[in-house]
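Peer 1: This structure is in structure tokens; I'll ask about it shortly.
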């Protein structure tokens, strides 16, 4: 079964079918196995990912950065001091602009 996730956000499990969730879990296990065996892969080669954090989070930031690099992506960390969410710029406007600039956004 071919899964189409492009253009979709993972906000809640209820937004996905059981088959889609099982696919995501199986694919995650596949990626973990490749990493464990030292098999290189670049599923996200050439993709740019914005990592937006409202609060500092060492483990979460490190996990997302490492995962993005392992997959061949280029992560860009944008912390609370780097962006003006809801201050000088509306959150909606910021999301639209970043959505055009990046292939994926972690928030």
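Using N, Cα and C of the backbone, Cβ positions are placed for all residues, glycine too.
Pasting the relevant annotations from Swiss-Prot:
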- 32: site 'Important for structural integrity' (SITE)
- 57, 58, 59, 60, 61, 84: carbamoyl phosphate binding site (BINDING)
Peer 1: Are there any residues in the same chain, six or more apart in sequence, whose C-beta is under 8 angstroms from the C-beta of residue 61 (carbamoyl phosphate binding site), and if so which?
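Peer 2: Set apart from residue 61 (carbamoyl phosphate binding site) by at least 6 residues yet with Cβ under 8 Å, we have 51, 53, 77.
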Peer 1: How big is the Cα-to-Cα gap, in Å, between residue 60 (carbamoyl phosphate binding site) and residue 32 (site 'Important for structural integrity')?
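Peer 2: Here the two Cα atoms are 17 Å apart.
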Peer 1: How many Å separate the two farthest-apart Cα atoms among the carbamoyl phosphate-binding residues 57, 58, 59, 60, 61, 84?
Peer 2: 23
Peer 1: State the three-class DSSP label for residue 58 (carbamoyl phosphate binding site), counting H, G and I as helix, E and B as strand, and everything else as coil.
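Peer 2: DSSP assigns residue 58 (carbamoyl phosphate binding site) to helix.
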Peer 1: Inside 10 Å of the Cβ of residue 60 (carbamoyl phosphate binding site), count up the other Cβ atoms and send me the figure.
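Peer 2: That number is 13.
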Peer 1: Among the binding-site residues listed here (57, 58, 84), identify the one with the smallest other-Cβ count within 10 Å.
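Peer 2: Counting other Cβ atoms within 10 Å of each of the binding-site residues 57, 58, 84 gives the minimum at 58.
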Peer 1: Of these recorded positions, 32, 59, which scores lowest on Cβ atoms within 10 Å?
Peer 2: 59
Peer 1: When DSSP is mapped onto helix/strand/coil, what comes out for residue 84 (carbamoyl phosphate binding site)?
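Peer 2: Coil, per DSSP.
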